[in-house]
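Here the structure comes first, spelled out in structure tokens, and everything after it is commentary.
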Amino acid sequence: METSCFTLLGLLVSLSFFLTLSAQMTGNFNCSGSTSTCQSLVGYSSKNATTLRNIQTLFAVKNLRSILGANNLPLNTSRDQRVNPNQVVRVPIHCSCSNGTGVSNRDIEYTIKKDDILSFVATEIFGGLVTYEKISEVNKIPDPNKIEIGQKFWIPLPCSCDKLNGEDVVHYAHVVKLGSSLGEIAAQFGTDNTTLAQLNGIIGDSQLLADKPLDVPLKACSSSVRKDSLDAPLLLSNNSYVFTANNCVKCTCDALKNWTLSCQSSSEIKPSNWQTCPPFSQCDGALLNASCRQPRDCVYAGYSNQTIFTTASPACPDSAGPDNYASTLSSSFNFVIVLIQCALLCLCLL
């Protein structure tokens, strides 16, 4: 059995080596869930100082308040607010899922300027959030080295709309810094190493590539927004806000408020599509829960072209969860590897 034993050990080493090599960051985010469109986030930074106005223009964000809300900045923040070199700004993007991958909608485009090359556009202009190969692929560019001034290309930023363990999350594209580890990134964003590794198809720090985007799931506040609402799914991460229902409602997400979306009628911004904001309609049914004897609020549940929906808040609020989000995602990939290794070793010992 010595020959068989050495053969099996060789297979074991080869298998482990192959699995390690095959696990690497691709820059693509998996998006295979039932939700085909959603709001996602990217973390943008520039090596040079810039302004919020420039970032808004670059990413084709319709309203500056969308960027302000994603970064929890005051609504009166100027468009010309300076953004320091390497300062990260969270930018909301419209995500679309197709063929198991999520990319930003075609509203983000870039026009080639003098001396531009695709690699420069990807790494410098868009801060490493996308690769030049991906730009070339989706725009069907025959030769990435032959582009002309004035050509306009779609910039396919990575994103996802998938749930995590059945829970809603906000997928955030984080550009990995040189020398970073999964543990550091997990601690920064309130998740765990296993979740980050499995979500991005890697095994550990050795496959973590600097200056490449990593899919980071940010815990989202729970809400009562209906599936047929025009703003569904309304997903916000901690310390962020958004104006919705034609600017008539302001919703905020705060971990200190039990990770529950808080929405109030707002007059801070002029309504769009409606001359005046309709009042929140009255909730039907009793607003006092018999089991926990706590009053139930009438909360925001979405909107249609004609009205704002409301519903009674959940019967009894859950106890406040931890500030960070540590997923219970099972490490099935690692388990399979260990199982195969154990099987080969057992055969070797026979």
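Note: Cβ is positioned from N, Cα and C throughout, glycine not excepted.
Annotated signal peptide per Swiss-Prot: 1-23, in sequence order.
What Swiss-Prot lists as N-linked glycosylation site is ASN30 (among others), and the listing cites sequence analysis. Here ASN30 (N-linked glycosylation site) comes close to GLY100, THR101, GLY102, SER160, ASP162, LEU199, GLY201, ASP215: these same-chain residues lie at least six apart in sequence, with C-beta atoms under 8 angstroms from its C-beta. Under DSSP, ASN30 (N-linked glycosylation site) is assigned to a strand (E or B) in the three-state scheme.
All chains included, 22 other C-beta atoms sit within 10 angstroms of the C-beta of CYS97 (disulfide bond). The disulfide bond annotation in Swiss-Prot covers CYS31-CYS97 (among others).
Taken from Swiss-Prot, the feature disulfide bond applies to CYS38-CYS161 (among others). In the three-state DSSP classification, CYS38 (disulfide bond) falls within a strand. The C-beta environment of CYS38 (disulfide bond), restricted to residues of the same chain at least 6 apart in sequence and closer than 8 Å, consists of CYS95, CYS159, CYS161, PRO233, LEU235.
Positions annotated as N-linked glycosylation site by Swiss-Prot: ASN48 (among others). For ASN48 (N-linked glycosylation site), applying a Cβ distance below 8 Å and a minimum sequence separation of six or more within one chain yields PRO85.
In this structure, ASN76 (N-linked glycosylation site) belongs to neither helix nor strand by DSSP; it is coil. Just so you know, the Cβ of ASN76 (N-linked glycosylation site) picks up 7 other Cβ atoms within 10 Å once every protein chain is counted. The N-linked glycosylation site annotation in Swiss-Prot covers ASN76 (among others) and rests on sequence analysis.
Positions annotated as disulfide bond by Swiss-Prot: CYS95-CYS159 (among others). DSSP classifies CYS159 (disulfide bond) as strand under the three-state reduction. A simple way to gauge crowding: the CB of CYS159 (disulfide bond) has 28 other CB atoms within 10 angstroms, across all the protein chains here.
When secondary structure is read from DSSP and collapsed to three states, CYS97 (disulfide bond) falls in the strand class. If you look up Swiss-Prot, you'll see CYS97-CYS161 (among others) marked as disulfide bond.
Taking Cβ-Cβ distances under 8 Å and a sequence separation of 6 or more, ASN99 (N-linked glycosylation site) has no neighbours in its chain. Annotation source Swiss-Prot lists N-linked glycosylation site at ASN99 (among others), citing sequence analysis.
Among the features that Swiss-Prot reports, domain 'LysM 1' is placed at 108-155, with the record citing sequence analysis.
According to DSSP, ASP143 (chitin binding site) is assigned to coil rather than to any helix or strand. As annotated by Swiss-Prot, chitin binding site applies to 114-120, 142-149, with the evidence given as similarity to another entry.
Feature annotation from Swiss-Prot assigns domain 'LysM 2' to 172-216. Across all of the domain 'LysM 2' (172-216), the predicted model scores a mean pLDDT of 96.
For ASN193 (among others), the entry in Swiss-Prot reads N-linked glycosylation site. With a cut-off of 8 Å between CB atoms and residues at least 6 apart in sequence, the same chain places LEU182, GLY183, ALA186, GLY204 near ASN193 (N-linked glycosylation site), listed in sequence order.
In the three-state DSSP reading, CYS253 (disulfide bond) counts as strand. For CYS253 (disulfide bond), the Cβ neighbour count at a 10 Å cut-off comes to 27, with all displayed protein chains included. If you look up Swiss-Prot, you'll see CYS221-CYS253 (among others) marked as disulfide bond.
Sequence annotations record features per position, and here Swiss-Prot assigns N-linked glycosylation site to ASN238 (among others). DSSP assigns ASN238 (N-linked glycosylation site) to coil in the three-state reduction, outside any helix or strand.
The disulfide bond annotation in Swiss-Prot covers CYS248-CYS277 (among others). Within 10 Å of the C-beta atom of CYS277 (disulfide bond) sit 17 other C-beta atoms, taking all shown protein chains into account. For the recorded site, CYS277 (disulfide bond), the DSSP three-state label reads coil.
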Open item on the list: To the nearest Å, how far is the Cα of ASP116 (chitin binding site) from the Cα of CYS31 (disulfide bond)?
Closed with: 31
TODO: Tally the residues of the domain 'LysM 2' (172-216) by DSSP class, grouping H, G and I as helix, E and B as strand, and everything else as coil.
DONE: 18 helix, 8 strand, 19 coil
Open item on the list: Using a 10 Å radius around each Cβ and all protein chains in view, which of these recorded positions has the most neighbours: ASN145, ASN238, ASN305?
Closed with: ASN238
Open item on the list: With the cut-off set at 10 Å between Cβ atoms, which of these recorded positions ends up with the most neighbours? Options: CYS31, LEU118, ILE147.
Closed with: CYS31
Open item on the list: Counting other Cβ atoms within 10 Å of each residue's Cβ, which of the binding-site residues ASP116, ASP143 comes out lowest?
Closed with: ASP143
